[in-house]
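Straight from Swiss-Prot, the features:
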- HIS270: active site, charge relay system (ACT_SITE)
- ASP306: active site, charge relay system (ACT_SITE)
- SER387: active site, charge relay system (ACT_SITE)
- 31-40: compositional bias 'Gly residues' (COMPBIAS)
- 426-487: domain 'PDZ' (DOMAIN)
- 1-70: region 'Disordered' (REGION)
- 1-178: topological domain 'Cytoplasmic' (TOPO_DOM)
- 200-528: topological domain 'Periplasmic' (TOPO_DOM)
- 179-199: transmembrane segment (TRANSMEM)
Amino acid sequence: MDTRVDTDNAMPARFSAQIQNEDEVTSDQGNNGGPNGGGRLAPRPVFRPPVDPASRQAFGRPSGVQGSFVAERVRPQKYQDQSDFTPNDQLADPVLQEAFGRPFAGAESLQRHPIDAGALAAEKDGAGPDEPDDPWRDPAAAAALGTPALAAPAPHGALAGSGKLGVRDVLFGGKVSYLALGILVAIALVIGGIGGVIGRKTAEVVDAFTTSKVTLSTTGNAQEPAGRFTKVAAAVADSVVTIESVSDQEGMQGSGVIVDGRGYIVTNNHVISEAANNPSQFKTTVVFNDGKEVPANLVGRDPKTDLAVLKVDNVDNLTVARLGDSSKVRVGDEVLAVGAPLGLRSTVTQGIVSALHRPVPLSGEGSDTDTVIDAIQTDASINHGNSGGPLIDMDAQVIGINTAGKSLSDSASGLGFAIPVNEMKLVANSLIKDGKIVHPTLGISTRSVSNAIASGAQVANVKAGSPAQKGGILENDVIVKVGNRAVADSDEFVVAVRQLAIGQDAPIEVVREGRHVTLTVKPDPDST
């Protein structure tokens, strides 16, 4: 549809007449006929707004131009024959001619490189091969890949070898430095030496696997372990004694060890407790390794550690045992248990340390010992009569005091338990000096507990005014750690408390209603 504004042609007469009579042909409500009473209304004329001269000059059809502004290639067929916009050759602008034209009139075209002179001559003569279409010279030619602007660099030729060096060139030709020769010789010697060692070892291994001869290795020290035990046993034999407490109706027997040249002997409390409680009815005697019997006097005893100290007088040339350090004992160390089991004096049994810090409860008929010891566990046999004797290491030093033995039957085999010598030193020194010893206490009683929440010592009751009450420990708290020692049950709690220092703050960790709480408690001395 042509929408151009045509101002040159006159408006049709019928539209002019209709505009003039516009008021006459305007439809009214209820009027179904035209001005002449017809049945149809005449259409409203097309409204053409007035055009000012400036708009007509800017947007009007140019003078002498016919047809629409449609490009020729998309113009309808009826307009194809119009030649209004056919391009014609025109001279270029003088400025463009000067910039892009030939430099001089009549000059030849762009020159070729002299190398291509033959190709140019052949091209002029028509004898050369047909050149492909050049889109730079022929706009109608199709685009194609041509010769690259820069030729690929030619590969470098392989370096010519200088030839192999002979032995004469290497040694006397001066082409290899003497330093390099020395290094090569050293490397060759090292490689040769390593190869010789490997070859020798390989031959020995192969011979060992293939030979039919069997050789047993023997040395002059084949009896060294047995000899070592013999020397250790002999070194401590005279420092071990047998202790006998006898009344008119009964008697008890155990062992002891001499710890001081003045005649002080350490033994277990349960060995002499009956005699200590009834001194008028019992007589205590010490029997030395040579069979000499000497009466003994009680210096002091401690039921809470099951230790006691006796003293013999007027005995010369006593053999004092060497005391070791139980903190250096390790599981697997070889040990000897020395004593008088079943009344057999100077009996030695051998074993190893199988555990450390083993809480072992002690109690027995006829004894006031009711405590827990922090024992060294050993598989060396400790039987009735061994109690109070020393547990010896391979340096002939006392590392413990044999105290208890456990077995599945009445046989001699089983496990033995000894009080560590470091604890024995503290107790013995206090008993020798003061005749008694005090231990730390918290003022609570406990029972063992183990469940999904906690395992330890559950507080059964708390004594009024005790260190535990002052420190905030409550009933039903489960104590899981005392100081630096974990507590697994009530027996271990007893041992852990005994290792605290009286009057010094100690951390106590408890589980209270599922929560871990750390309290500070200052132990008091016990009353006994």
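Backbone N, Cα and C define each Cβ position, glycine as well.
Overlay of Swiss-Prot feature records on the structure.
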{"residue": "HIS270", "record": "active site, charge relay system", "CB count, 10 Å": "27"}
{"residue": "ASP306", "record": "active site, charge relay system", "CB count, 10 Å": "30"}
{"residue": "SER387", "record": "active site, charge relay system", "CB count, 10 Å": "29"}
So what's the mean pLDDT when you look at the domain 'PDZ' (426-487)? 94
Round to the nearest Å and give the CA-to-CA distance linking SER387 (active site, charge relay system) with HIS270 (active site, charge relay system). 9
Check the DSSP secondary structure of HIS270 (active site, charge relay system), expressed as helix, strand or coil. helix
Between HIS270 (active site, charge relay system) and ASP306 (active site, charge relay system), the C-alpha gap once rounded to whole angstrom: 6
For SER387 (active site, charge relay system), what is the secondary structure by DSSP, using just helix, strand and coil? coil
